[in-house]
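The transmembrane segment annotation in TrEMBL covers 79-102, 132-155, 212-231, 237-256, 335-359, 365-386, 731-749, 787-807, 879-904, 974-997, 1003-1023. What TrEMBL lists as domain 'ABC transmembrane type-1' is 93-378, 734-1031. As annotated by TrEMBL, domain 'ABC transporter' applies to 429-652, 1067-1300.
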């Protein structure tokens, strides 16, 4: 969310002279620097002020707002195209003047060429020599003018395209920040990312050729007139072919639009799935759901097979295949277009000259070469630029429509929060009879007839069960939930701490400050209140340590505290706190509550949603929500006296301080079901509050985020080889090369045959050389025979050139798109197989960038650029070969020209590659920023931080613009100097022909000059395209990099466990250490234990103690050191899927995917509807799903956002119920549910998993107190592991201290609940001696006996003194005898103590 400021260099373009701007001299220092070392971000020039994202975006936004207002008045739909024309039409029209001049020169050049050839046909007169020098000079000057005008044209249109794209991105991002909840349901993160990554790029492409839509027909008409002048009516035959081709190209353009529209939707879907996959990668791995993603990768299966394996998550590859089908169709059209471009000139010239000679005309050299040149000009315009303009216009129209629809989505209504001084003194929230709906057409009211008033300095606590409407109430106050009726009045500035903590990539400090000025004193107070000071001391860079995307490198507790600290630092008037303490342990929670919520914020208006009830009595008001309406409200005492069984919610404890309150209760209607505990106790290994300071609070280290990798130097041959061989086998590649050679051979032979035919047809002694005809003195029949022969060969060569050209083009496009598909699938397979550490250190935007932008480039731009280069390269080789065979001296300038070109290419590419790679890496933060913003949308709007976030987005865009603009300018520099050298070459050839005119005939001069212009024009374009190919290959390089990621252990190994393994559930850790990365510090340290079959084990510990790491080691998310056995099988020797599929997990963060309820429960389709409904009923979700429109077939919103967090957790529980494995792991699964629901979940687990080994990680002690054993972890080591009853009797133990932190009454309730495992065991079998609990310390025989013995000794000494005489031996012996007898009873007494104590607690 923040952008690191770099030492920027002023852009030299802003102060450059006109000459420097025209010839790009200002770029030379950067190019020289690129020769010395790799370019870095701080080497780039600062973006020009007029190209800044903020400037461009705000200008376009003003025009769009004006258009929306105008359209509203005129009762029509706003038109985005009109807004773009209004903003950029004038500057783009200026570029039209350049291209008009450019194409006018291209029309004049063939006429100048004709005049030079006419001189060689008769140059007897001296005046003609003078004129031919004038024509030659004009031809040379026109070539230089073409170079300058082309440079100016491309500079203007590319910069215009860049500015439109940047402005549009600004508008899209700003719109995304303002979308209402209803609008968010109509779009997805994937679609918005696609708009920014693909759709806006159409503006960079459309500006290049759009002017040819009007210039193409105009130029065509002028050339037709000139052709009529040259060869008469015969030109109409060639023109007819052009006319026939134009509607075909128009149809192609429309088809491109259709395919683009379909592809965009499919790409949206694929990126959305990718976003969900990366977000939920831990769940996918622990559920062993990678195979459904990878099942469709290796083979192109039949439809039947596809349907069989098409599960929810296999849809990624199905979506990709559907997308590829549309891309292939577009590619085939592009192939036909490109083949048509190369074949059209041959077809047109063939038909024209065939008609010409059949009409009995004789062709002279000037007519031939002027006609060929004119057709060459019109070929570029009509068969390349014009259809390309139609294609890009169609595609851009689709993108504009998609962006327009997005921009017209409904925005949230924002009201000003400005207050007068009087109002500032009395901040409050007043709600009267408010009713709200998330979706009025589907849902029942989320809130119904709500009336509450919260005044300044008051704390309102909101409790209720899962789905009661607690978060909805906060959403309504924030303005996120649409209000249907009633009144809502908020006086004061709001701030908000979300239920699911939101952090963004950046430093810890930037996450807390969130754009506010740094006030050291306040900052330190906030750190102290939020228990973060100790964490800051342990971080490698303190509070300037970078954290990962979505806070992947932070624990849940750290994220919660940073999230709360951000809200507290804002110094707002009203604080909305949505379950902020559920992710931290009890001790930290107590600290946060006392020091923060009731300390630093004591004078603020606070609304706290919570499930934890032990601190309710400190609230000023309490409301109990049930099914969206208020079930009860009042103070703690009022609710207690109202008849509600409040004792069941909160056992009174006079020893507990009344100033204490608790985080996160959720529903009072279920509270009466819990009578034994506080419902919200959370564990900690810390000493009680009275004995600790902030410096002693737990803290954890945070690994920093890795910088995105960037290759250096040339793109290696390994990348090219992998790219080409991914689409076709080597044999097919050889066949493609063979077809290419045949196509080019036919292409060249056609030109050669025309020249041969022309030379043979017309020849005389006046030194005039004509290219056409065969013998004037021949008889008519001989002429007809020769004509038939020459025409037949000419037609055959033309047909071969066309057919082979089309085959070559289609095969190349097919192979390259298949390469893209294969590499995409390989990249996904590698990403899905890589360890989870990769996702912790790589932001989601960085990963999505490769799956969106880089894959998009490989799908569309790279194939067309490579095919263009490949065909031009072959054509240039053929042209040089033909020219050299006619005039060998042409090799003299060609060879040095080639070396100069290659030198310039090398000089350019060294810098260009680095700039292109910088462009790719600076693009990733744009997507990461967007993704992070969408995740924290409510928080951003609650903090009214849209402007700050937009500013940060503009900074990311400006950084990318710096790289993109440099890339454009270096490309322009390369093109300008190549064209300039080529112009010099044309000048030398033109004047050289005149100076060496003796011995040259008109035909040779025409051929040399025509080929010189053709060769130079196409040669420089070939070199530029080769450079573009290498630049675009950086995308392939980035994708290939991800295909070679480190892979985790194999999914299956040769050693396979038995099908019924594990049939017991015996789990053994033998000296296990665990670290998430080889270089990282161990988070589990040499731990050993054994969990017995069917045993229920609770695992507690402070935040960062290693609880979730224990699960990671069990599931081998990273490879642990030591040995882990399950039923005697060493888990490191079997495949990951064999291991993970045999265990079930209910994760800490519930993850649902955008698919049906059925697919989220049962992705493999292994269970019947009855099983699914039974599982839903057991987790209390049946009624909720039955109310959905399509029940099990209802498609969930993105990330399951139409379910509450608690409901999503219950869906995960239902998955575990369905899997029925012998080992179940519950990782903080009940942190976000109310105590009543928690109890129901625990009951379901006890019933459904009676015969399973269950490991439960929890903060709430009541959740795990009835476990068979409890493990207490601290700093990666086992502090305690024993039965809860025994642990609670050890006053020096950690669990005992946790219980005491909750108060005596709560501790007593926990001690009573700790006997439940024994009672449950007694239902299964007869109790044995070793089943009994250890005697309480204070009831131990030794303790009691020694105490009594001390009293007895004291009594003896006292009696001795009082008697004043010696004790009789009998008395002494008697005393000794009694003592001896008592010691002999010690063992019996101890056993009796155990039994009597156990009987007491059982009662």
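Positions of Cβ are set from backbone N, Cα and C atoms, glycine also.
Below 8 angstroms of C-beta separation, residues 335-336, 339, 342-343, 346-347, 350, 354, 357-358, 739, 742-743, 746-747, 749-750, 753-754, 757, 774 of the same chain, each at least six residues beyond the ends of the transmembrane segment (787-807), sit close to that stretch. Packing against the transmembrane segment (212-231) from elsewhere in the chain are residues 96, 99-100, 103, 106-107, 110-111, 114, 238-239, 242, 352, 356, 361, 367, 370-371, 374-375, 377-378, 381-382, 385-386, 388-390, 393: each is 6 or more residues past its ends and has a CB under 8 Å from a CB in it. Fewer than three CB pairs closer than 8 A are found between the transmembrane segment (365-386) and the transmembrane segment (132-155), and contact between the two stretches is not assigned (pairs 6 or more residues apart). Residues 220, 224, 227, 329-330, 333, 336-337, 340, 344, 347-349, 351-352, 354-355, 375, 378, 382-383, 386-387, 390-391, 393-395 of the same chain lie 6 or more positions beyond the ends of the transmembrane segment (237-256) yet place their CB under 8 Å from a CB of it. Averaged across the domain 'ABC transporter' (1067-1300), pLDDT for the predicted model comes to 82.
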